[in-house]
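What TrEMBL annotates here:
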- Asp16: Mg(2+) binding site (BINDING)
- Asp16, Glu62, Lys66: CoA binding site (BINDING)
- 25-102: domain '4'-phosphopantetheinyl transferase' (DOMAIN)
Amino acid sequence: MSSAEFESDLTQPGADLRAILDLQLLHKIKYSIMDEREADLLLCSKTLSFVEGGTLLFSAKESLFKALFYQVGDWFDFDAARLTGFNSEEHVFRQLTRSLAPHLFAGRQFCGTYRAFDDKLLTLIVWDSAAV
């Protein structure tokens, strides 16, 4: 597949591979990466520890940024999306908190996947930008 064919493909992937954050770092950055609802979601998790969940949240938002950046054409912060859930089947759910483009409206939901291994976490989102 040539790069021209790839660029014309409307499937937009976003992936992030991240080492599990350490607790001190997570406490330093938590107010810039998560809101109160997200913190409550992580604290109530029976699937992941707070540190693993915080890493998942950070990585999932990075994956979403990478998947949407080409469509948005500008930088956006962590508060543009909210982690709304994750489950033991390694699915993660996000929702935009504000509109980023006409077809990327506040409330739009995205589903991705994650995989934990060793001391790392991989998140992936692939979405079809033509399916709006």
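A Cβ is built for glycine as well, from the same backbone N, Cα and C atoms used for every other residue.
Calculated from their C-alpha atoms, the gap between Lys66 (CoA binding site) and Asp16 (Mg(2+) binding site) amounts to 8 Å. Comparing Asp16 (Mg(2+) binding site) with Glu62 (CoA binding site), their Cα atoms are 6 Å apart once rounded.
The CoA site is set by Asp16, Glu62, Lys66; from the centre of their CB atoms, other residues of the chain with a CB within 8 Å are Gly14, Ala15, Ser59, Lys61, Ser63, Leu64, Phe65, Ala67, Thr123. Binding of CoA is attributed in the record to Asp16, Glu62, Lys66, and the widest Cα separation among these residues amounts to 8 Å. For Glu62 (CoA binding site), the same-chain residues that are 6 or more apart in sequence and have a Cβ closer than 8 Å to its Cβ are Gly14, Asp16, Arg18, Thr123. The number of other Cβ atoms within 10 Å of the Cβ belonging to Lys66 (CoA binding site), over all protein chains shown, comes to 17.
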